[in-house]
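Residues annotated as active site, proton donor in Swiss-Prot, with sequence analysis given as evidence: ASP314. Annotation source Swiss-Prot lists Mn(2+) binding site at ASN177, GLU243. If you look up Swiss-Prot, you'll see ILE180, TYR181, ARG182, ARG194, TRP195, LEU196, ARG199, GLY200 marked as prenylated FMN binding site, on the strength of sequence analysis.
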Amino acid sequence: MKYRDLRDFLAQLERQGELKRITAPVSTRLEMTEIADRVLRAGGPALLFENARHNDAPADMPVLANLFGTPRRVAWGMGADDVGALRETGELLASLREPEAPKGLRDALAKVSMLKAALWDMSPKTVRSAACQEIVWEGADVDLGRLPIQTCWPGDVAPLLAWGLVITRGPNARRQNLGIYRQQPLGPNKLIMRWLSHRGGALDFRDHAQAHPGKPFPIAVALGADPATILGAVTPVPDTLSEYQFAGLLRGSRTEVVKALGSDLSVPASAEIVLEGHLLPADDPRAVAAAVPEGANPPPATGYEMALEGPYGDHTGYYNEQDWFPVFTVDRITMRRNPIYHSTYTGKPPDEPAVLGVALNEVFVPLLRRQLPEIVDFYLPPEGCSYRLAVVSIRKQYAGHAKRVMFGLWSVLRQFMYTKFIVVVDEDIDPRDWTEVVWAMTTRMDPVRDTVLVENTPIDYLDFASPVSGLGGKMGLDATNKWPGETSREWGTPIHMDEAVKRRVDAMWDTLGL
């Protein structure tokens, strides 16, 4: 599916019967989450709440939810016709990350053409004026309370801005970083920026604080960017390629960007809403001193304004612990005329991140095969919170092979550094079929011999089951057939029906009355 921007994408979804306009009044507090959750679990359409109510009053704009509520809509957003076609996207990314040596002149020319398209033809196009800056709120007009930000769960500490595309640039970076990090409103012009320490935005901020201590760090947050740009921010794009370039490849046209009004950052020109501002040094007169609740640990000494974030209901199905993160002070809000507020919720799977994981699973397979060519298939079950459990099938070639694959998966892509459980099966097992996976585990595994336990590894900070926040264990399960050296016993012989008998039964089947 080809489209220009979010509005064009929504128009095409509506023609396909994949967008439902909700005209009844619906509150952004809890009601929207319950409706979206029921529709997502039923595999239903994207939802446009045209009569949203916010803070017991009509909202100034409609709210879009469940945009990526099915794998097919994720594929359409990435410019593919179906989920299976995302393997081609993965092949493209694999080639850009680690190009293989050409097999001949024709192959060499094809690779040059691909690199030219990625690195030059699809470089973002800067425009002088843009729809995202048709309306500007500055100074006292900045009021995040006017945006219909959802309160998703009863125990949430505040509303939650969940689909913000955060744009940063480190002092030594050649390109901008785009990432999606949740943000907690603190007041009319402040948000807590919850990014984990290894994410691109946090790394850019760390480098800035080291290179320019005591200087404000510019940030822009785009809401309602086109789907390719949003999805580019959650895809393992190689460091040589910007998310804007990757979005252009997906969309088939260069991403148009415009310079932010208050910084040198480039923002998506067609975004519905853009927040501009800075992370402020702690001694800036606009900064607010951190309030430390009784019994809580004080904030880390970053030299910048910090605040205690959470708790919020999260993709784990639980409320997360509170933690300290930097505060984003919003200097201005720009937007299109009649903007659409793009929102989502996270909760016990399936939710929108889980659906994204199912679709992006197809992108990961070629990337992993480039590093571990013995991989046949790879699956992240959505009920495993998108990334905490992986099942991989391999062409086993030697004793100990499964263990090599486990450690390879934990190391190849940053996306899998938090994967707690890896199950390795042979190529005759479909990793997407739990009946086959469980059969392999219960017949090909010895719990002591075939279980790998690793202590003190990086773990998602939202994982309260780990003994220490951010640090915990990993488990690998070798459910492959065992080779000499792995067992001294005679291995089981699998049962298979005689092929001649199967053909005879096929021939008589229609006469059996079954």
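Cβ atoms here come from the backbone N, Cα and C positions, even for glycine.
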Counting other Cβ atoms within 10 Å of each residue's Cβ, which of the recorded positions GLU243, ASP314 comes out lowest? ASP314
Counting across all protein chains present, how many other Cβ atoms fall within 10 Å of the Cβ of ILE180 (prenylated FMN binding site)? 19
Residues flanking the prenylated FMN site, with Cβ no more than 8 Å from the Cβ centroid of ILE180, TYR181, ARG182, ARG194, TRP195, LEU196, ARG199, GLY200 and excluding those residues themselves: VAL166, GLY179, MET193, GLY201, ALA202
If we take the residues ILE180, TYR181, ARG182, ARG194, TRP195, LEU196, ARG199, GLY200 that the record assigns to prenylated FMN, their largest CA-CA distance in Å comes out at 14
Can you tell me how far the Cα of ILE180 (prenylated FMN binding site) sits from the Cα of the residue listed as 'active site, proton donor', in Å? 14
So if I measure Cβ to Cβ from ARG199 (prenylated FMN binding site) and keep only same-chain residues at least 6 apart in sequence, which ones fall under 8 Å? GLY179, TYR181
Distance [Cα-Cα, Å, rounded] between GLU243 (Mn(2+) binding site) and ARG194 (prenylated FMN binding site): 20
Cα-Cα separation of ASP314 (active site, proton donor) and ASN177 (Mn(2+) binding site), in Å? 24
Translate the DSSP assignment of GLY200 (prenylated FMN binding site) into the three-state scheme. helix
What whole-number Å value do you get for the CA-CA distance of ASN177 (Mn(2+) binding site) and ARG194 (prenylated FMN binding site)? 15
Collapsed DSSP category at GLU243 (Mn(2+) binding site): helix
DSSP three-state assignment (helix, strand or coil) for ILE180 (prenylated FMN binding site): strand
